Amino acid sequence: MSDSPLSKRQKRKSAQEPELSLDQGDAEEDSQVENRVNLSENTPEPDLPALEASYSKSYTPRKLVLSSGENRYAFSQPTNSTTTSLHVPNLQPPKTSSRGRDHKSYSQSPPRSPGRSPTRRLELLQLSPVKNSRVELQKIYDRHQSSSKQQSRLFINELVLENFKSYAGKQVVGPFHTSFSAVVGPNGSGKSNVIDSMLFVFGFRANKMRQDRLSDLIHKSEAFPSLQSCSVAVHFQYVIDESSGTSRIDEEKPGLIITRKAFKNNSSKYYINEKESSYTEVTKLLKNEGIDLDHKRFLILQGEVENIAQMKPKAEKESDDGLLEYLEDIIGTANYKPLIEERMGQIENLNEVCLEKENRFEIVDREKNSLESGKETALEFLEKEKQLTLLRSKLFQFKLLQSNSKLASTLEKISSSNKDLEDEKMKFQESLKKVDEIKAQRKEIKDRISSCSSKEKTLVLERRELEGTRVSLEERTKNLVSKMEKAEKTLKSTKHSISEAENMLEELRGQQTEHETEIKDLTQLLEKERSILDDIKLSLKDKTKNISAEIIRHEKELEPWDLQLQEKESQIQLAESELSLLEETQAKLKKNVETLEEKILAKKTHKQELQDLILDLKKKLNSLKDERSQGEKNFTSAHLKLKEMQKVLNAHRQRAMEARSSLSKAQNKSKVLTALSRLQKSGRINGFHGRLGDLGVIDDSFDVAISTACPRLDDVVVDTVECAQHCIDYLRKNKLGYARFILLDRLRQFNLQPISTPENVPRLFDLVKPKNPKFSNAFYSVLRDTLVAQNLKQANNVAYGKKRFRVVTVDGKLIDISGTMSGGGNHVAKGLMKLGTNQSDKVDDYTPEEVDKIERELSERENNFRVASDTVHEMEEELKKLRDHEPDLESQISKAEMEADSLASELTLAEQQVKEAEMAYVKAVSDKAQLNVVMKNLERLRGEYNDLQSETKTKKEKIKGLQDEIMKIGGIKLQMQNSKVESVCQKLDILVAKLKKVKSASKKSGGDVVKFQKLLQNSERDVELSSDELKVIEEQLKHTKLALAENDTNMNETLNLKVELKEQSEQLKEQMEDMEESINEFKSIEIEMKNKLEKLNSLLTYIKSEITQQEKGLNELSIRDVTHTLGMLDDNKMDSVKEDVKNNQELDQEYRSCETQDESEIKDAETSCDNYHPMNIDETSDEVSRGIPRLSEDELRELDVELIESKINELSYYVEETNVDIGVLEEYARRLAEFKRRKLDLNNAVQKRDEVKEQLGILKKKRFDEFMAGFNIISMTLKEMYQMITMGGNAELELVDSLDPFSEGVTFSVMPPKKSWRNITNLSGGEKTLSSLALVFALHKYKPTPLYVMDEIDAALDFRNVSIVANYIKERTKNAQFIVISLRNNMFELAQQLVGVYKRDNRTKSTTIKNIDILNRT
């Protein structure tokens, strides 16, 4: 394929290209020392075989031999080649073998695999022992280690185990040394549990710790049978290794404690520095510190040391680990694997895309070539067609020049008339503008009046609410004042009572003091006199002994009776006080009831007065509402009648205007036709046929339809242009009016055959019956294919079908081809066509008398309308007054009702108080039984008191008689002294009685004072509360009155503004009526001027029609626009091509109806005249249309018209007879564009694939280089380690496929001392252990890990090898911590720290011992 950027051969070759490109240039750029070992300078450079695109993969293990520095490729070493081996470096100075082996030792090749391909070319390169000296290797190690050197490392200081496995309670294992510690103890003591505890903290599962579940890790013994949890805490510290070989603790970094706790429910928790954490955080932390938890290099368990070296060369499954994956993860090249796989998948997808795009490209190329011949033919046709269009353009422009010269004079006259009409219109527009301004002002005033009315209603409602609030507050004020007056009256009387009671109490207290003083004096006197009396009696003791004893006996008997008398006397006083209190209470309650009943009677009287007032106001309101409702009905009826009158008035105005216009047209038409008919009869003109509408007939039912669809039925039909010109000259000369003419000789022959119409609706032309067939063309020229529909629905269905039609309905609605709809309205056009019944077409014509009559009727109707409008306005004003008075009545009613409601609530409260007072009085009166009880009790007490006095009277008389006897015995002296004593006693009794009476009165007065003070406090509190409440209410009442005053002010302002606005509205109404009169006058003037313009425009129409046809023909000319297509054919300019090509197509000009004889016709004519200018080449563009030049007037006059017409005929014949598909150019252009697009698309796809290939090569090269660099270091370190451990053996890591290390993996080959090369699987147990340890130590040297835990790795080793391993761990691995469990003394004796483990009572314990000898030696 000629233009394909990628041939099939190239594509096949590219598909066979290897995934990894290893060219000489890349090898030369790779100069990293650590990726290769330089060969001797004297070694000749080998001839490398050319790398084939596809190569077979071999699974045969081969020994890796490195080439020179200029070439980094590896080759398999054949078994039959004899070469010197790599010199095995030693960390110690080389010594001569005791067995006589030379320093230059030569390695033997590993055994060939049976499956090794014999066809592969292999080169054996001899390595230089000098170049591979110990010094060179040491440089490589130092360079690598310096890049990964750390400042400090992590080590385990101690383990704290609590109830973990065999460790009961809390046991501390350690501390451990920073480098080499050994865990020792007898079998079964729990040494391996130390490692299990570390694994437990590092997140290993229970099965790795030789248990099934986590709960099995909890210690269980006879002493501790049911512990719930166990825990292990690993205490880490950071240590810095000094260059001297010692180490010190890094004090700047704090220690790290990681704890894990397991529970009986098999769950566990992690802690970092005693804060709860998670498995993820713990493992992330340990990995960041360099502990390899992925491949577990730090952990070598019992019996697992051999597994490291026995790994397969490459993992068989993705989930497995082989030696290749093991090394890649350590070296770090495993990160490249997903990127390489992603790029390889992209290349496969892109190869498919390239193949698909190439196939598409070939198809497009074939299609493009098949269109070449058609393209050339189409280009020739386009050239001829362009010449024909240019010639036609010249001919049209020449004819236009002739027509424009005829038009100039006509335009001047029309321009003058238009100017006059515009002046009148400007005046009219100013009047209209003023009317609109007045209407806007009236509307604004009306809105403001409406706003005032709304505000008025709002103020009325607000006043109603404020009045209600005021009444409520005034009633509350009255109640509070009444309450305060009552409280103050009570307060005054209470103060007076308190004053009287306090005075009485003070007086009684004075009397009490006076009586007490007198009693005291009398008591002293009585004692004195009694002492004298006793002395006298003592002197008469013997004489009166018996009598005195008798008196004493009687007095003792009388003593209880005296006590009873005193008690009865006290009870009588209490009963008298209770009786007095009951009588006083009843009197007060009776007085309270009488006062409340008087108040209720007054309130009821006031309430009745309010109810009568409300009833009267409601009657007035109902009467007002009825009156307003009736007024609204009358106003609505009058308003509707006014609107009807206005509609009739407007219709009459329209009729008057139409009558005037019709009269003017009829007079003009009649004059024109009559004059031209006379001219025909006189023989001065030939070929005049009359009005077009009179030259045929149509059915009556289509009169409105044809009159609406064809206003040109008023056109005059003549045979020739000359006849029409004579007619125009005659009309202009005699100023008879204007006419529009149809020239039969200039009409082209139309296809008059019937057409297929939607729904078979009739064509208007087919319904006309011409008087003479020669008039058919004239009718068709004005009617065309206009259809007649029965209704608007059918007209819509017909007009908007697949093919557009001009449709008119029988009732005069017209749908044009453009989709515009017209017709309808109050005035229906009719009478333009002669009807089949020969009815006159003068139905809508008016005589001057009829026009005068119509205008008189219009004036009368306008006067009636004005009177009716004033009456309606008066009704509206009266109705408004009624509406305004209604809220006042409602406010008065609301106020009275609120006052009545307030009074009713007060009355209810007063009645409730009366009921309570009556109930209290009735209760007090009904408690007569209590009063009777008190009175009876008082009588009973008095009777008992009298009885007691009667009982004691006899004894007192006996005592009196006995005392008289003593008096007789004592003589006058005794009698006189006894009289003194009795006199004093009587006085004392009188005073004691008075004192008791005073104390009782004082106690009562004190109670009255307390009671009056309590009443005083209550009254004062009531007065204070009422006063505060009264202040609040007075403040509210003040604000309410202010709000009412403000409301009144706003109401007055609103009403005044409303009156003012109404006056302004009336003034504007009068102005608007005056303006409307001037507008009506303008309409009459406008009709006259339009009639004049119609006459001028009819003269212009014919000239314009000729120019329009010529311009139409000129404008329809266009050169086929193939510029875009030809540009697409230009290969040099083609960048991107669109598939769509636009062509200029000739648009069919549909018939457009001529201007109607109304205002729109005249406006269109004015606009066309104003915008039309004769063709002026200098003032227009240089081109008629694209590619067609516009000629100047001089150029047009110099044209040879006959020659142009001859050429047009010749070219027209060629164009019509030649059958050419122009679309082939577009198709060819599209194919060419697609060809280039496909080509560019294919090139981009190939470029993208090559870019991905290049990225893949870079990734593979990076992976290969980095892996080989690390692999060589590890391999050479392995040699060193194995030779050191085995004292003369050799070990190598080899690539199974030396050309591609990642295809078959890595194998581990070992040559034990004095033996040949062997695979790791063929070694003994001890040899496997030594090989694995050598690999572990080599990996440690390449990528150290800070911690190693080894469990009896020396089990399969003899004494010598154990010592070698132990010494290596002690001397060469001081940059890591080794914790080794061992039972071999030549292993643990070299440790700096010994951790002893022993078991007692099934519980493991630990102790730590420092190896002083070793520490002193170091």
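Placed from the backbone N, Cα and C atoms, the Cβ positions cover glycine too.
Swiss-Prot tags one of the stretches 184-223, 1184-1223, 1224-1263 as coiled coil, and that stretch is 1224-1263. When SER109, SER113 are compared in Swiss-Prot, the phosphoserine annotation sits on SER113. Taken together, the residues in the coiled coil (849-1172) have a mean pLDDT of 73 on the 0 to 100 scale. Here the binding-site residues are GLY185, PRO186, GLY188, GLY190, and the one with the most other Cβ atoms within 10 Å of its Cβ is GLY190. Shown in sequence order, VAL1397, TYR1398, LYS1399, THR1404 are the residues of the chain, 6+ apart in sequence, with a C-beta less than 8 angstroms from the C-beta of SER189 (ATP binding site). Classification of SER192 (ATP binding site) by DSSP places it within a helix. Using a 10 Å radius centred on the Cβ of ASN187 (ATP binding site) and all shown protein chains, the other Cβ atoms total 6. When DSSP labels each residue, the domain 'SMC hinge' (686-799) comes out as 61 helix, 19 strand, 34 coil, counted as helix, strand and coil in that order.
Residue environment of SER192 (ATP binding site) contains 20 other Cβ atoms, counted within 10 Å of its Cβ in all protein chains. Same-chain residues at least 6 positions away in sequence with a Cβ under 8 Å from that of LYS191 (ATP binding site) are, in sequence order, VAL183, VAL184, GLY185, ASP1351, ILE1381, VAL1397. Shown in sequence order, VAL1397, LYS1399, THR1404 are the same-chain residues outside GLY185, PRO186, ASN187, GLY188, SER189, GLY190, LYS191, SER192 whose Cβ sits within 8 Å of the Cβ centre of the ATP site.
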